[in-house]
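The active site, proton donor feature in Swiss-Prot is assigned to Asp484; the stated evidence is similarity to another entry. Feature annotation from Swiss-Prot assigns repeat 'PFTB 1' to 148-189. Swiss-Prot lists 513-555 with the feature repeat 'PFTB 2'. The repeat 'PFTB 3' annotation in Swiss-Prot covers 590-630. Residues annotated as repeat 'PFTB 4' in Swiss-Prot: 639-680.
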Amino acid sequence: MWRLKIADGGNNPYLYSTNNFIGRQTWEFDPNYGTPEERDEVEQARLHFWNHRHEIKPSGDTLWRMQFIREKKFKQTIPQVKIEDDEEISYDKVTATMRRSVHLLEALLADDGHWPAENSGPSFFIQPLVMCLYITGHLNSVFPAEHRKEILRYVYSHQNKDGGWGLHMEGHSIMFGTTLSYICMRLLGEGPDGGLNGACTRARKWILDHGGAIANPSWGKVWLSILGVHEWVGCNPLPPEFWLFPSFLPMSPGKMWSYCRLVFMPMSYLYGRRFVGPITPLVLQLRKELYAQPYNDIKWKSSRHVCAKEDIYYPHPLLQDLMWDSLYILTEPLLTRWPFNKLRKKALATTMRHIHYEDENSRYITIGSVEKILCMLACWDEDPNGVCFKKHLARIPDYIWVAEDGMKMQTFGSQVWDASIGIQALLATELTHDIAPILKKGHEFIKASQVRDNPSGDFKSMYRHISKGSWTFSDQDHGWQLSDCTTIGLTCCLLLSTMPPETVGEKMDPEQLKDAVNVILSLQSENGGLAAWEPAGSSNWLEMLNPIEFIEDIVIEHEYVECTGTGMEALVLFKKLYPKHRTKEVESFLTNAARYLDNTQMPDGSWYGEWGICFTYGTYYALGGLAAIEKTYENCQSIRKAVRFLLKTQGEDGGWGESYRSCAEKIYIPLDGNRSTVVHTAWAMLGLMHSKQEERDPIPLHRAAKLLINSQMENGDFPQQDTTGAFKKNCLLHYPMYRNIYTLWALAQYRKKVLRQPTGI
């Protein structure tokens, strides 16, 4: 049976950590673990997901929850409550619902103080990892039989009814997801007509019916070329010479969004090397299966711009295609011939130096899953028996997650993010006796996860920004600063610093708090918005060069509403507790941030949320920022417009539910059937309470609270519903802890702001 291990280094000589692996999550298969009854419980969870996989696409993330509940012998002792029709919600019933939720959260807390959770969803994470390990000859050693079984379970679980796979688990079938998933099944041992319910046959039919694998988008073409089932001559150029560009040029690496820069870094190395894995009999067989015509008859040069219509979200502008054609026809032939090939050699060496730098500064985790696989492959190409490749192999378990829908690859983990919002939700409950043990552990985790140093050496020459004092999305070893994780980490530490240390532990050193403020201030743009990883400011026209057909706004760093809102909340609290630190800069930050929120509000009163779905999410965080600087419904038109938006989108059942299609279409779209989700309902409630809706008309809040209370399950959990996380306009991420954290937070604020505490309590 599968078991989750926390903060475990496994005595691997190729692993090292900056804080003794705090926050690390790894899964192991133990054939002797679990009783027959416990194993049957796991099988029942798998069967339940399978039977409902086309209704609720994301997993409930139940396997580790079952494990923790068993290990801690948790039993929900507080009776479940329900609100009947026409019944007035009482203070006691809300309190009981909250306490039930808190008790479950305590059982789910890991020993190091964080809540483990899945953070996945795209169909281009685990599949390329399988391809990489197949190429390097490590597939069976890294993924033994039980691992391969669970990866196949995951692939089968998310196959659409038409036989294809989407860009993410909720999406319509596309060539990219379908080709990668088909290849993944074949590399894991399924025959061309194998797989559960004819999975391979159905997938291959979808591929051939839609033009064959030649119609893959650019990333698909690259991965197929790496495997040897596509030719590099059929790809648009990815010249590593880009890494030689001086910083004053508008198209230099330092001008790019960090993720884009670091994905195309190893990709350009592999392109420059024209790297191709071993041409095995299976690879030769795949060449026959993936195309509608014989492989050797394909006109690769003319296929570079071919892409299935199902995959296109961001069509290439004509200017971009002209640029690729110029590089392809004029530049590449020169760079592969003497004497210009000396420049190519220098570029490859420079690119590899950057790869090693990023690997070392992230303890071989790298910034995320897409880059991780490519960097690992580049290190193998450099030296298959080298230490760098072995260090990469040692960090693969950090990315692997197992749930009832199988084994998948994480983005890299949401440990710090989930812990920080979870602590804030608990603090809002004011259930001091119930939450004290959780607060102490959570406080220690957040303190231990703060990044203590900047990247090594002359980090600016490596296009890196300051990170000292920041928090990452996952753990300290990851090393990559993130503005909203820093703002909520700072907020948690500030709030906990005002509480008795015997209850919540020793407060953080004020100098470390100030370091966090320095990072936040450094990431604000001239327009007042807060960027995510690095300062924004590159020219927007560079987005015309986005080569990725299925996502948008990836070339340069941008500002984000939710980062800005949490930044305002954090700095208002910091200013109150430390009024003398960079006073003018903090005041200026708040003024400019408010201006940014005013300027980015949509005509309907909402704000677009980049990292959650979508307008409900963005509006909640924007209202939090405005409320922090004492903007009110009475004195702020933006708040009045936002309230009208939220009230207008409330459903008949009292809740809110927003479709993921809002992200791509950039207009509010309710869920099919006007369904509500507990997470969207919680976000909307919190947003309305930021505006003091309870003082104007509490009825919308009563209706929403009733839905949340009645949705709570027998053990204190809430149901897993539609996916609520998103990124880059057209892709989704699954955050299963949201259903526990935001529901608790909303009910806590509802009890405090809307209901009156009975006399004597």
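Easy rule for this one: first residue shown is 1, then count along the chain.
Quick reminder: no glycine exception, Cβ is built from N, Cα and C everywhere.
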Q: Averaged across the repeat 'PFTB 4' (639-680), what pLDDT does the model get? Just tell me the whole number, please.
A: 98
Q. Honestly, do the repeat 'PFTB 3' (590-630) and the repeat 'PFTB 4' (639-680) touch, with at least three Cβ pairs under 8 Å and pairs 6 or more apart in sequence?
A. yes
Q.
Across the repeat 'PFTB 2' (513-555), what are the DSSP residue counts per state (helix, strand, coil)?
A. 16 helix, 3 strand, 24 coil
Q.
When DSSP is mapped onto helix/strand/coil, what comes out for Asp484 (active site, proton donor)?
A. helix
Q.
DSSP-wise, what's the residue breakdown of the repeat 'PFTB 4' (639-680) into helix, strand and coil?
A. 21 helix, 4 strand, 17 coil
